[in-house]
Amino acid sequence: MGLVVGVARGFPVDRPRVTFVGLVSSSPCLYLAGLPSRREGAGVVRVVTHRSARAGPRRSPLARSLWYAAELLVTLGLVLLLLVVHQLWWTNRQARAAALHKAEEMERAWGRVPGSREGPVSAPDRRAAPAPDPARRSAPDPARRPAPAPDRPYAVLRIPRLSLRTPVAEGISKSGVLNKGYAGHYPRTAQPGRPGNVGLAGHRNTHGEPFRHLDRLRPGDRLVLVTREATYTYAVDQVLPRTSARDGGVLKPVPRSDVKAGYGYRTAGHYLTLTTCTPAHTSKYRLVVWGKLRSTTPR
C-alpha cells in the first residue's frame, strides 16, 4: 500500500488547479473513510480542486471596456488639473517675477526715477496762473527718438494705486510681449510725451496679469510712464467699464468710444489709454482707463 500525491500542471491561471491525493492498495475494498473518492483499478484516488488565489471572476467585455474608460477619464482629469495649475499659478509666478526684474534692471540703468511718489495727482489750483503745457519742458523731444524695436522693452509703467511696476514693450504680440507680463504699446498710437493718445494693453489673467486690478482705478490716480529721457505722469480721468473688443475709437488720437455714448473726448491733448479684457477670465469685452498728462520730468 502507498500514498500518491499528484498536481495537474499547465492550467491557465483562471482555471482550477487539480491535486490528486491517492491511497493505493492491493485490496480493492480499502478506501479513505469519510472522503469522496473514485476507485481506479486497485487503488483509491481522491480528487481535490483548488482555485488559484490570483484568479478572480472573469469580467465581461463590457465591464472591461467601462473600467478602461474610467481609468482614461481619471488620467485626463489629472492632466487638465495640472494644466490649470500651470496656467493660473505657475505662469503668473514666472512672468510677474521676470517682468519686475526687467523693470528694476531698466530703471537702474537709467538712474533715479523722479516723480514716483505715491498718491493721486492733485488737481491744479484754478486761482493760480495757467500751468504751462506739461509736454513743453526741457525733456528731449520725443519725436527725435528712434522708433522702438518690436517686442523690445523701452519704458516702465508704474501705477502706485495697484503697486504695479512693469516694462512697456513695443507691440502687442502674445509670445513676444504680453505673455511675458509686460504692457504692450499699440502700434500707430502716440509714444510717451507725444501729442495724441498713448495706447497700452496688458493681460488681466495669467502670464503675470499686470492689469488684473485695473477696475480699481479711480479719477486722480497716478499713471507714470518712465523712459530713458523723462518721466511722464498722467492722472486717471475716465473709466469705461465695458465695451466691445472691436471698439477702435478708444485708441484714436482723440479717444472716444464708438460703442458707448458719452465716453471719451472731443479735443486734442496728451492722453494715455490702458485696455484689458473683461470680465475676468474672458476676452469678450474690454475695460478701458483714460488718463491725461499732468507733468513731464526730464532726467
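Yeah, the Cβs are placed from backbone N, Cα and C, and that goes for glycine too.
As written in TrEMBL, here are the features:
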TRANSMEM  66-90  transmembrane segment
REGION    111-152  region 'Disordered'
COMPBIAS  124-144  compositional bias 'Basic and acidic residues'
REGION    184-210  region 'Disordered'
ACT_SITE  HIS203  active site, proton donor/acceptor
ACT_SITE  CYS277  active site, acyl-thioester intermediate
Legend entry - Rounded Cα separation (Å) that holds between CYS277 (active site, acyl-thioester intermediate) and HIS203 (active site, proton donor/acceptor): 7
Legend entry - In three-state DSSP terms, the structure that the residue listed as 'active site, proton donor/acceptor' belongs to: coil
Legend entry - DSSP residue counts for the region 'Disordered' (184-210), split into helix, strand and coil: 0 helix, 8 strand, 19 coil
Legend entry - Listed in sequence order, residues with CB under 8 A of the residue listed as 'active site, proton donor/acceptor' and six or more positions away: LEU178, ASN179, GLY181, GLU209, PRO210, PHE211, ARG212, THR276, CYS277
